[in-house]
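Notes follow the structure.
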Amino acid sequence: MNHAITMGIFWHLIGAASAACFYAPFKKVKHWSWETMWSVGGTVSWLILPWTISAILLPDFWAYFTSFNASTLLPVFLFGAMWGIGNINYGLTMRYLGMSMGIGIAIGITLIVGTLMTPILNGNFDVLINTHGGRMTLLGVLVAVIGVGIVTRAGQLKERKMGITAEDFNLRKGLVLAVMCGIFSAGMSFAMNAAKPMHEAAAALGVDPLYVALPSYVVIMGGGALVNLGFCFIRLAKVKNLSVKADFSLAKPLIVTNVLLSALGGLMWYLQFFFYAWGHASIPSQYDYMSWMLHMSFYVLCGGMVGLVLKEWNNAGRRPVGVLSLGCVVIIIAANIVGLGMAS
């Protein structure tokens, strides 16, 4: 496995670790509605950071974006909006299925759809079947899905042991939402594929290869922001017990603390895709669709490890922790199989 591929896998791991931790600051926000908190954090992660970093990287911000026609920008934006719909469905999936089953089904589906649909859409799926490297990466995807399934099982054992149940368990509704979440969340993978002309244009302007994907986030995350912020604003306007005015009528020190914590959560959320861009740039172009598989499987891996560090599994017993550890090992093996496939 060459150095570039190793570093690509490493950067995806760092990005996934940030994704697994990003909600920790949000949990410390007090006396705010989820909608206000999510809007503040989202404004930082989907609007302020992508625009600011792009303005720093590009020699002429407006000239860069106006150089593309609608046929280039619209698919990127719409796939970003598609991914934003997946974000909203993610929370509803957890509500109706519980954390473990919801994450397992949603992540498993988005891992498969986001990874394999890209080469199919590009007309390159035969490369996966007819080459040794392609077959190795397919095997890696299969092993990763198995690893996600094992971690999901560990979570179910933990929830059963600790008496944790879904907020409003509904198997049929939860499964429909989980499938929708998995499919729509793959929009980020499709958006990155559609944004290749933007990456190439950034490279032509002298942007470092590690950073060429970052300007496209202005459009991708703009689509996600439209859906997420629109959802939050509609709820804040229509739901009687939600009020932005009430949220910002608290004591000033608490408001400042809540804003800073939400902004920190937004920063950590953005960093997952900052390092995703680094990992994506380090992987051979013919296998760039594997970025999504690495990101999502590492997200599950890091989520389990963060849970252990935060002692969320202390009262779960030895068996769930053992199953979790096995699942993490399987995901690590999957990443190595994919790495070897890309290097062959």
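Note: Cβ is positioned from N, Cα and C throughout, glycine not excepted.
Taken from Swiss-Prot, the feature transmembrane segment applies to 4-24 (among others), supported by sequence analysis.
Tertiary proximity for the transmembrane segment (38-58) is limited to same-chain residues at least six positions away from its ends with a CB under 8 Å from its CB atoms, namely 26, 64, 202, 205, 207, 211, 214-215, 217-218, 221-222, 224-225, 228-229, 232-233, 236, 258-259, 262-263, 265-267, 269-270, 274. Summarising the annotation, Swiss-Prot assigns transmembrane segment to 38-58 (among others).
For the transmembrane segment (72-92), the residues of the chain that approach it from at least six positions outside its boundaries are 65, 102, 106, 110, 177, 180-188, 190-191, 194-195, 197-198, 216, 219-228, 231, judged by C-beta separation under 8 angstroms. According to Swiss-Prot, the transmembrane segment annotation covers 72-92 (among others).
According to Swiss-Prot, the feature transmembrane segment maps to 101-121 (among others).
The feature transmembrane segment is assigned by Swiss-Prot to 137-157 (among others). Using a Cβ-Cβ cut-off under 8 Å and counting only residues 6 or more beyond its ends in the same chain, the transmembrane segment (137-157) has close neighbours at 99-101, 103-105, 107-108, 111-112, 115-116, 128-129, 287, 290, 293, 296-297, 300-301, 303-304, 316-317, 319-321, 323-324, 326-331, 333-335, 337-338, 341-342.
Residues or ranges marked as transmembrane segment in Swiss-Prot: 175-195 (among others).
Within the chain, the transmembrane segment (214-234) has long-range Cβ neighbours (under 8 A, six or more residues past its boundaries) at 35-36, 38-39, 42-43, 45-47, 50-51, 53-54, 57-58, 64-65, 73, 76-85, 87-88, 188, 191-192, 195, 198-199, 202, 207, 273-274, 277. The transmembrane segment annotation in Swiss-Prot covers 214-234 (among others), and the record cites sequence analysis as its basis.
Here Swiss-Prot flags 259-279 (among others) as transmembrane segment, drawing on sequence analysis.
A Cβ distance under 8 Å defines the sequence-distant neighbours of the transmembrane segment (290-310), meaning residues of its chain 6+ beyond its ends; these are 8-9, 12-13, 15-17, 19-21, 103, 107, 110-111, 114-115, 118, 137, 140-141, 144, 147-148, 151, 154, 186, 188-189, 192, 272, 276, 279-280, 283, 321, 324, 327-328, 331-332, 334-335, 338, 342. Annotation comment: Swiss-Prot describes 290-310 (among others) as transmembrane segment.
For 321-341 (among others), the entry in Swiss-Prot reads transmembrane segment, with the evidence type sequence analysis.
Comparing 4-24, 175-195, 259-279, 321-341 for CB pairs under 8 angstroms to the transmembrane segment (101-121), the maximum falls on 175-195.
Listed as Cβ neighbours of the transmembrane segment (321-341) (distance under 8 Å, sequence separation of 6 or more from its ends, same chain) are residues 1, 5-6, 9, 13, 132-141, 143-144, 146-155, 157-158, 287, 290, 293-294, 297-298, 300-301, 304-305, 307-308, 313. Outside the transmembrane segment (4-24) by six or more residues, the chain places 265, 268-269, 271-276, 278-284, 291, 294-296, 298-299, 301-303, 305-306, 335, 338-339, 342-343 with a CB less than 8 A from a CB of the stretch. Long-range contacts of the transmembrane segment (259-279) within the same chain, counting only residues at least 6 positions beyond its ends with a Cβ under 8 Å from a Cβ of the stretch, are 7-12, 14-16, 18-19, 21-26, 28-29, 32, 37, 40-46, 49-50, 53, 188, 210-214, 217, 221, 291, 294-295. When Cβ-Cβ distances below 8 Å are used as the criterion, the transmembrane segment (175-195) is approached by residues 75-76, 79-87, 89-90, 92-93, 96-97, 101-102, 105-110, 112-115, 117-118, 121-122, 213, 216, 219-220, 223, 273, 280, 288-289, 291-292 of the same chain, each at least six residues removed from its ends.
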